[in-house]
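Trainee: Here it is: the structure, laid out below.
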Amino acid sequence: MANPNNNNDNKQNNNNNFFNDNPLLAFAIFSIVIILIFKSFVGEGESLGTMMNTQGVAQTKQVKYSEIKKRIEEGAVKSVKLTPSMVEAIIEDNGRKVRYVAQNVPTYDRDLIPLLDKKKISYEGVVGNGFFSELISMMLPILIFFAIWIFLAKKMSKGMGGGILGAGKADKLINSEKPDTRFDDVQGVEEAKDEVKEIVDFLKFPERYIELGAKIPKGVLLVGPPGTGKTLLAKAVAGEASVPFFSVSGSGFIEMFVGVGASRVRDLFAQAKKEAPSIIFIDEIDAIGKSRASGGQMGGNDEREQTLNQLLAEMDGFGTDTPVIVLAATNRPETLDAALLRAGRFDRQVLVDKPDFEGRLAILKVHSKDVKLAPNVDLEIVAKQTAGLAGADLANIINEAALLAGRQNKKQIEQSDLLEAIERSFVGLEKKNRKINETEKKIVAYHESGHALMSELSEGATRVTKVSIIPRGLGALGYTLHLPEDEERFLKQKHELMAEVDVLLGGRAAEDVFIGEISTGAGNDLDRATAILKDMVSVYGMTDVAGLMVLSRSQNSFLGAGAVSTDYSDKTAEAMDSYIKSTLNERYGYVKETLQNYYGAIDNMAKELLGTEVIEGKTVRRIIEEYEQEKGMPSRLAHKDKVAKNKAEADKKEEALKKEISEESDNNKEA
């Protein structure tokens, strides 16, 4: 049985569609209403303004025409002005002039003029609004609003795909030609490429799958952190399949007009079907695909929700024989609506994650093809020192190194340029103009020396790459740089977390031991150390405070830490605070004792920093080794074996490079 409410809704939707589909008619109706309003206010004022120009009038009265004729017959009228639709009479009343105005007078009153002549009253005719004046008064508001309309249409045409009059139309095909990107251009995401290769095969040979009755996924969702190559991978799929590529951002569906998003989705899918086989790519789909259960929206009429509903309907409308694939990208998959991820829509999710060592090396090779590298450049070292960076970051490092080399008028990019670019990526730009006084420079030198010493002596810490007291970034007056040079690490053990805490406390402890007074420079270190210990208690179950209970739950997000929810009692919170405080005090005491045992090493390191402002990691290790030998102490360097191994590998590579250059030189001589 039909639902009458549905009929009413359909009627309302039809009415809305009528005005959306007939914008010119809507504009005409709107213009007529404006003209009527304009005439009612302006027309009368113009007529009155034309006549009311007599000076010395004390009062104006709106009266009937018969009242004016009566006054004329009484001889009280001094002068009269006439128009086809109005009569104005000036009357002397107790020594003051009063204007009587009568509107809508009879058109043919043949008695008025003879009466005025008989009473010897002066009169004159006033030219009213003629045909052209009336025409202008009617057309002026139309012209004004039409000019505004055209102005807005031109302003919004780029973003609206046809302007206001075509608000529902999708922008034209972004890539009018098929993309020339190939899978070889996308490196570091081999698993993701394998997942989407069957899509290419389906687009090239759809009949092969249709005959077998196979159902290819209608939608593939590419998820991963920013800068990992999701858009590039989507273009590569279209390029490999040689099909049209329709690309649009999720935010591009939402405009100021209600219903535009849904209409644009319909038009986009219609274009894709005409060009089939084809690919639709929706970047940042979370802009329109957020969960409807998350709240914060204004009911069923919300523009984003209408757009999402239309997208779901269009994806349901695909048949199994329609060779159109929808690719979408997001770095916030946890916010997407469940209906969008169900089977038959975006039922396949492909992780496009940050690359590992091999992936970073491949990406660096791709981006370094078009730049001139010096023979001594070792991209493997760069790949090892850029763990955790995405493909976009690596491309930026190559470009930044090229810019640095260009500023120094170099002919080739050297290894030092690449290392400086990496440093910029991790700790920011050098602040050469920020001058710090000698006292603060001394504090920073000992602070960073404390970090460096604990990094080298703590088992599980990352060894030092460089120590600097040159200000960088937003607020750092100095820094100790730790760049990984070993294998990829995905887990951290308890002793490694405690080593991080020791390294963070090393700066404050050095100030305490060598300066005799602490500064505000350790604020961020203490914050990070506290956060590590808190996670050990509430997330990792590494202490006896809560045992194996998880007290804090965070929502996974590729954009960093998501929302954290806590669910524990005040008593547990008190126990957690007590553990963190006691552990910090315990580790701080251990770090201070270690620094006192290596007093001379810290002192020498700080003096070296004050003299040169920057020292390399190998210099830090040399100073520590010399002090240990001087005092007859057993070596506590945690990375001694790794350093020896890396040095041997570096010497071997250098020897091979020299041999290669020598052989090339001999060949040139023979030629």
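Using N, Cα and C of the backbone, Cβ positions are placed for all residues, glycine too.
The annotation active site is assigned in Swiss-Prot to Glu448 on the grounds of sequence analysis. Marked as Zn(2+) binding site by Swiss-Prot on the basis of sequence analysis: His447, His451, Asp525. The region 'Disordered' annotation in Swiss-Prot covers 630-671. Per Swiss-Prot, topological domain 'Cytoplasmic' is recorded for 1-22, 152-671. What Swiss-Prot records for 44-130 is topological domain 'Periplasmic'. Annotation comment: Swiss-Prot describes 23-43, 131-151 as transmembrane segment.
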Trainee: Whole-number Å distance between the CA of Asp525 (Zn(2+) binding site) and the CA of Glu448 (active site)?
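Mentor: Here the two Cα atoms lie 11 Å apart.
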Trainee: Look at each of the recorded positions, Glu448, Asp525, and point out the one with the fewest other Cβ atoms around it within 10 Å.
Mentor: Asp525
Trainee: Given the Zn(2+) site residues His447, His451, Asp525, which other residues of that chain have a Cβ within 8 Å of the mean position of their Cβ atoms, reported in sequence order?
Mentor: Glu448, Gly450, Thr480, Leu504, Gly506, Gly507, Arg508, Ala510, Gly521, Ala522
Trainee: Compute the average pLDDT of the predicted model within the topological domain 'Periplasmic' (44-130).
Mentor: 74
Trainee: When DSSP states are folded down to helix, strand and coil, where does Asp525 (Zn(2+) binding site) land?
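Mentor: Going by the DSSP assignment, Asp525 (Zn(2+) binding site) falls within a helical segment, counted as helix.
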Trainee: Count the other Cβ atoms sitting within 10 Å of the Cβ of His447 (Zn(2+) binding site), across every protein chain shown.
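Mentor: Total other Cβ atoms inside 10 Å, all chains included: 28.
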Trainee: When you measure from the Cβ of His451 (Zn(2+) binding site), which residues in the chain that are at least 6 apart have a Cβ under 8 Å away?
Mentor: Val467, Thr480, Val503, Leu504, Gly506, Gly507, Ala510
